[in-house]
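According to TrEMBL:
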ACT_SITE  Cys73  active site, proton donor/acceptor
ACT_SITE  Cys184  active site, proton donor/acceptor
BINDING   Asp9, Ser10, Tyr41, Gly42, Asn74, Thr75, Thr185, His186  substrate binding site
Amino acid sequence: MSRPVLVFDSGVGGLSVVTALRQQVPGLPLAYVCDNAALPYGTKPDSWLLRRIVDVCVAAVAASDARVLVVACNTASTLALEALRERLAIPVVGTVPAIKPAARLSRSGVIALLATTATVTRPYTDRLIEEFAGHCTVARVAADPLVAQAERWLAGEPLDARVLAECLAPLAAIAKLDTVVLGCTHFPLLRESLASMAPGPVHWIDSGDAIARRVVQVVGEVSQSTVSSGAFLSWATAPDNPGLARAFSGFGFQPPKRLNEAS
Ligand code: DGL
């Protein structure tokens, strides 16, 4: 099998990006790494997180012999893309909130960004909004508890409807809202439940398809000789977690091996 595209997230959120990748590039050799020992990223201090993300990604690229790194995490991408590109010799594809397509799609010009505390407050996000949604009203809604809900859901545990309702409650107060950006890769995993509890008819936009298109540009066509045989490897910083193994196996990945993230 040829060298894989490595998908990285703090937890299972990157699996929403794996789905988009497989839809656009069936057979693409993939590997997955999550830093679940440090989950959640969205409430951690930037200076600590930056070092941690670089250490984990450098170790995971070496372990997987990846040809491309996909940072399938908005919280990590809005902070660490530059540092990762400086440190790694392979192409790095990032994930940032889908503000641009949301601003194009919205008829009312009123958008909400649903993401982690870190992502909604980052200068990177300020710049995205200024550049692509200057003509819109963009409400920033931090919804960190949805990260743990997505982890539970993929581990086969039930969702807590009260937590979802609390996270979505700020949306009901936004007049003329018609578009919600899912600015955390964990959130598309809950899309059906979120949509069923939303205050009104809104479009839900995430970055999965755009990332997959970018990966296609970077890797080019996947020839039949390099199509994956199905042995998708995964790594985690806290692999001894039956829920995680279950989530990975639902997406065709082998149980995670331990990643030692020491730099
Ligand atoms: N999945 C990550 C993102 O896209 C964040 C989850 C976390 O807080 O660890 O932002």
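Any Cβ shown, glycine's included, is placed from N, Cα and C.
Unlike curated records, TrEMBL annotations are generated automatically.
In the three-state DSSP reading, Asn74 (substrate binding site) counts as helix.
Annotation for Ser10 (substrate binding site): same-chain Cβ neighbours under 8 Å, separated by at least 6 residues, are Cys34, Asp35, Asn36, Ala38, Leu39, Pro40, Tyr41, Cys73, Thr75, Ala76, Val147. Spatially close to Asp9 (substrate binding site) yet at least six residues away along the chain are Leu15, Val17, Cys34, Asp35, Ala72, Cys73, Ala76, Thr185, His186, judged by Cβ distances under 8 angstroms. Remark: Gly42 (substrate binding site) has Thr75, Ala115, Thr116, Thr117, Ala118, Thr119, Ala142, Asp144, Val147, Cys184 as non-local neighbours, by Cβ distance under 8 Å and separation of at least 6 in sequence. Put simply, the two farthest-apart Cα atoms among Asp9, Ser10, Tyr41, Gly42, Asn74, Thr75, Thr185, His186, the recorded binders of substrate, are 12 Å from each other. Within 10 Å of the C-beta of His186 (substrate binding site) there are 33 other C-beta atoms, taking all protein chains into account.
Listed in sequence order, Thr95, Val96, Pro97, Ala115, Thr116, Thr119, Gly183, Cys184, Thr185, Ser207 are the same-chain residues at least 6 apart in sequence whose CB falls under 8 Å from the CB of Asn74 (substrate binding site). The most densely surrounded of the active-site residues Cys73, Cys184, judged by C-beta neighbours within 10 angstroms, is Cys184. Around the Cβ of Thr185 (substrate binding site), a 10 Å sphere holds 34 further Cβ atoms from the protein chains shown. A simple Cβ count within 10 Å picks out one of the binding-site residues Tyr41, Thr75 as the most packed, and that one is Thr75. In the three-state DSSP reading, His186 (substrate binding site) counts as coil. Cβ proximity to the substrate site centre (mean Cβ of Asp9, Ser10, Tyr41, Gly42, Asn74, Thr75, Thr185, His186, cutoff 8 Å) flags the following additional same-chain residues: Gly11, Gly13, Pro40, Cys73, Ala76, Thr116, Thr119, Val147, Cys184. In the three-state DSSP scheme, Asp9 (substrate binding site) is classed as strand.
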